Amino acid sequence: SPRRTGPPDGGWGWMIVAGCFLVTICTRAVTRCISIFFVEFQAYFGQDYARTAWIHSIVDCATMLCAPLGSLISNHVSCQVGIMLGGLLASTGLILSSFATSLEHLYLSLGVLTGLGFALCYSPAIAMVGKYFNKKKALAYGIAMSGSGIGTFILAPVVQLLIEQFSWRGALLILGGFVLNLCVCGALMRPIALKEDCKPAPEFLEQDYVLEARKQDLKRMSICSPLIKAWSHECLCYCSWKEYDFLLMPGFMVLAVSVLFMAYGCSPLFVYLVPYALSVGVSHHQAAFLMSILGVIDIIGNITFGWLTDRRCLKKHRHFCYLFAVGMDGLCCLFLPVLQNFPLLVPFSFTFGYFDGAYVTLIPVVTADVVGTSSLSSALGVVCFLHAIPYLVSPPVAGWLVDTTGSYTASFLLCGFSMIFSSMLLCFATLAKKIKRTHLLTNDTGTKQHIWTNGAIAYSVTAELDQKDVEFLAAGTNSYSNR
């Protein structure tokens with residue numbers, strides 16, 4: 001087994017970053033580019049906005065809903081196996097989608113199968129970066145997550161060109177071959193054993209089962225022995241609980257609720273930005289260029305926010321940097337309905353793309369700060385899982401609002417308010433935690449002064465002195481008595 005060590009903060013870790021960078025291109029960037037197919041699917045199958053939007057929703061939902069499965073395979077089998085298997089499934093789904101004859105066919109192939117493949121790749125690759133970096137964690141995540149923006153910048157015009165040259169079927173077939181590069185990314189994910197991953201066995205296992213096992217000759221025992229079965233069952237239950245014990249942490253609970261509202265607000269924009277631009281008179285190439293701008297500025301947000309939050313002055317304020325970025329994206333959505341030509345939509349793509357890249361970079365960093373590195377893979381799986389329902393529901397709901405009102409205004413306003421609420425919720429929870437901590441520190445200081453001023457009776461009042469304090473007070477009392 002590999003020697004247990006601390007995060008190397010470099011070395012092969014930069015290859016892990018490169019692998020994660022490619023994974024985000026092949027998963028998140030490709031998912032974003034599915035919105036370019038929206039108008040093609042709608043025209044070919046003759047369906048309304050809401051039904052067509054289910055394709056993108058199911059891809060995102062399957063990716064996030066099955067993220068814990070990706071973490072499970074990564075933790076118990078291998079990160080390399082999980083990502084390679086996911087690459088094969090995602091490629092198969094895209095290739096089968098090129099032969100689709102109905103929207104229902106696309107729901108299953110492009111939605112479920114491709115989404116499942118992306119799920120097996122995404123969260124394990126992100127978690128692996130966190131295992132290789134500590135001091136440079138935010139910068140490493142910024143570079144790795146920038147693959148989503150770079151991929152969108154490159155793929156958006158390329159996909160539009162492919163659709164024009166080979167129709168949407170040919171474009172999906174080519175994307176299926178491109179996504180096979182996930183198998184190469186999986187090969188780069190060399191496992192590492194960290195010191196904090198080595199957790200001691202629980203006391204009851206040591207006392208009850210291990211001692212009992214030592215009394216017997218295990219070589220002569222059947223592998224189906226009740227003792228072995230019971231011991232294995234207890235080990236499995238304990239390990240499973242330790243893997244997800246962070247679920248009961250108050251900090252993670254608040255983060256989880258905040259993520260639900262954030263995910264609801266961010267998803268519809270990537271689905272409807274191109275259709276909205278086309279509806280206000282922007283050409284197809286200009287609409288695809290808006291996605292490219294959003295993608296390339298996303299890169300700048302990834303890297304600059306990652307670098308800035310690694311600085312000593314901001315490292316302790318990562319939560320507030322994350323909240324600020326989410327809130328700014330919410331404000332951008334609120335102003336989008338009044339931007340009705342290409343020159344006005346370009347600054348929107350710049351602003352929204354920058355802050356989208358900023359908070360996406362900080363999601364794994366903030367999660368690691370809450371649960372610790374040892375539980376990061378499982379926690380990211382749960383965070384991705386929490387994205388599933390909002391990603392599934394929000395685009396069809398936005399499409400229904402467009403069909404009902406004949407305008408995109410209600411859809412974008414709902415997205416904006418949802419993201420602002422997400423930011424405010426986590427902000428109030430963080431402030432409340434800081435106030436409570438300050439109050440406890442004040443009380444502790446007052447208690448300590450009370451102890452020293454009340455001499456020997458302080459222990460019976462506070463019940464908080466350790467043995468050395470008791471001995472010190474006893475010695476002082478004896479000295480006073482001798483005088």
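Backbone N, Cα and C atoms are what each Cβ position is placed from, and that goes for glycine too.
Feature list (source: TrEMBL):
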type     : residues : note
DOMAIN   : 12-434   : domain 'Major facilitator superfamily (MFS) profile'
TRANSMEM : 12-31    : transmembrane segment
TRANSMEM : 81-100   : transmembrane segment
TRANSMEM : 106-127  : transmembrane segment
TRANSMEM : 139-163  : transmembrane segment
TRANSMEM : 169-189  : transmembrane segment
TRANSMEM : 252-275  : transmembrane segment
TRANSMEM : 287-308  : transmembrane segment
TRANSMEM : 320-339  : transmembrane segment
TRANSMEM : 345-367  : transmembrane segment
TRANSMEM : 379-402  : transmembrane segment
TRANSMEM : 408-431  : transmembrane segment
Legend entry - Positions whose Cβ lies under 8 angstroms from the transmembrane segment (287-308), at least six residues beyond its ends: 29, 32-33, 35-36, 138-143, 145-146, 148-154, 156-157, 159-160, 273-274, 277-278, 314, 321, 325, 342, 345-346, 349-350, 352-362
Legend entry - Distant-in-sequence neighbours of the transmembrane segment (379-402), which means Cβ under 8 A and at least six residues beyond its ends: 48-54, 56-58, 60-65, 67-72, 119, 122-123, 126-127, 244, 246-247, 252, 255-256, 259-261, 263-265, 267-268, 271-272, 363-364, 367-368, 370-371, 408, 410-411, 414-415
Legend entry - Cβ contacts under 8 Å made by the transmembrane segment (345-367) with residues that lie 6+ beyond its boundaries: 126-127, 129-130, 137-138, 141-142, 145-146, 148-149, 255, 259, 262, 266, 269, 273, 277, 282, 290-291, 293-302, 304-306, 309, 318-319, 321-322, 325-326, 328-329, 332-333, 335-336, 339, 376, 379-380, 383
Inset, instruction - Using a Cβ cut-off of under 8 Å, list the residues of the same chain at least 6 residues beyond the transmembrane segment (12-31) that approach it. - result: 56, 59-60, 63, 83, 87, 90, 118, 121-122, 125-126, 128-129, 132-133, 140, 143-152, 154-155, 175, 178-179, 181-182, 184-186, 188-190, 295
Inset, instruction - Calculate the per-residue pLDDT averaged over the domain 'Major facilitator superfamily (MFS) profile' (12-434) and state the result as an integer. - result: 81
Inset, instruction - Sort out the residues at least 6 away from either end of the transmembrane segment (106-127), same chain, that have Cβ-Cβ distances under 8 Å to it, and list them. - result: 19-20, 23-24, 26-28, 31, 34, 41, 54-55, 57-67, 69-71, 73-74, 79, 82-83, 85-94, 96-97, 100, 141, 144-145, 172, 179, 182, 185-186, 189, 364, 376-377, 380-381, 384
Inset, instruction - May I ask for the residues of the chain that lie six or more residues beyond the transmembrane segment (169-189) and have a Cβ under 8 Å from a Cβ within it? - result: 15-16, 18-20, 22-23, 26-27, 30, 33, 37, 79-84, 86-88, 90-95, 97-100, 110, 114, 117, 121, 124-125, 128, 159, 162-163
